[in-house]
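Structure record follows, encoded as structure tokens.
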Amino acid sequence: MAFAPSHTASPSYCGVAQGGRRSNGMSPVVAMASTINRVKTAKKPYTPPREVHLQVKHSLPPQKREIFDSLQPWAKENLLNLLKPVEKSWQPQDFLPDPSSDGFYDEVKELRERAKEIPDDYFVCLVGDMVTEEALPTYQTMLNTLDGVRDETGASPTTWAVWTRAWTAEENRHGDLLNKYMYLTGRVDMKQIEKTIQYLIGSGMDPGTENNPYLGFLYTSFQERATFISHGNTARHAKEYGDLKLAQICGTIAADEKRHETAYTKIVEKLFEIDPDYTVLAFADMMRKKISMPAHLMYDGKDDNLFEHFSAVAQRLGVYTARDYADILEFLVQRWKVADLTGLSGEGRRAQDFVCTLAPRIRRLDERAQARAKQAPVIPFSWVYDRKVQL
């Protein structure tokens, strides 16, 4: 979740240009609806508030699909053991006041007293994290767009499908827990948050993965580490504000994200082992397009730039920053030993050089941007009852 440089159009490694993330222009569907409305023959159909008009589909060469079929036994041995049995997993209720307890109201009162000490800008970051987690239907859908690894039936016994469903089930607890905690604090406008979640799921996401599992697993590797960092930082902040229970909540979620990061980075590590040239080209492609955050189409019905504003607050508080983005890239380059790859094609060597030298360039650009930065404006956030928060 959180801050990432804005997406810009760039050619992919398979030779097809990538488009922008969103458009405020009128789509053909909307234009047709407007014509219909003028003659009063029908209502305007639903359209998502954020639409992506230029998308690339099915860039994976057919012969590459066989790789993922052959990796089924490997995936069973190396991925499924990273999942926790349900009976041994934590559940949201483990961290919340027990509604059947005589002390329930006292526990809620204590929770609300602790929450009073937490500033609005922190809640903006926490809500943004929670909204991102709550859009889980979109992320399962995204994984099931990937050729060669999707769940073909909804209950497929293939290892890839079992992993995706179980991963989704584990992730589902994150949004549930943060949502219930937020509700009990009384500090945030739950209806505005709920609207934001509905808008976001309706808009979907555009990660630029092109139905291609190479791109998809590179994306999830980056994202799981990003969410691990973000939740870890919100845990640290909560502890500083004196809310040890909230710190425990965020830290527990961060630990899940770290385990999921391990799984996805293992997949990409295996792809580098068996198909290094195509994998490094895919890595460079994703980094040229820039890793968009899962909630980049966020909207609350009011703020057309809600994601950018939320990201700016997260950057200022140190919850998730441009430096984190560069650090994640550097971590993955080292984790996958990209600099040590040999036997690459000419295009592969250029891709290798690009990803291995990108992190320092991102840091330099960020340092220049910070040096030029002016006093950030203060704007209202609907999530905290339109109270103003500095970006």
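Quick reminder: no glycine exception, Cβ is built from N, Cα and C everywhere.
Database features (Swiss-Prot):
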BINDING   E133, E171, H174, E257  Fe cation 1 binding site
BINDING   E171, E224, E257, H260  Fe cation 2 binding site
REGION    1-20  region 'Disordered'
TRANSIT   1-32  transit peptide
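Sequence features annotated in Swiss-Prot and their locations in the structure.
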residue : record                   : Cβ contacts under 8 Å, 6 or more apart
E171    : Fe cation 1 binding site : E133, L136, Y139, D256, H260
H174    : Fe cation 1 binding site : E133, I253, D256
E224    : Fe cation 2 binding site : E257, K258, H260, E261, Y264
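Around the Cβ of E133 (Fe cation 1 binding site), 26 further Cβ atoms fall within 10 Å across all displayed protein chains.
Note: the Fe cation 2 site is recorded as E171, E224, E257, H260; in the same chain, W167, E170, Q223, T227, F228, D256, K258, R259, E261 also have Cβ atoms within 8 Å of that site's Cβ centroid. Note on H260 (Fe cation 2 binding site): other Cβ atoms within 10 Å of its Cβ, all shown chains, come to 22.
According to DSSP, E257 (Fe cation 1 binding site) sits within a helical segment.
Residue environment of E257 (Fe cation 1 binding site) contains 23 other Cβ atoms, counted within 10 Å of its Cβ in all protein chains.
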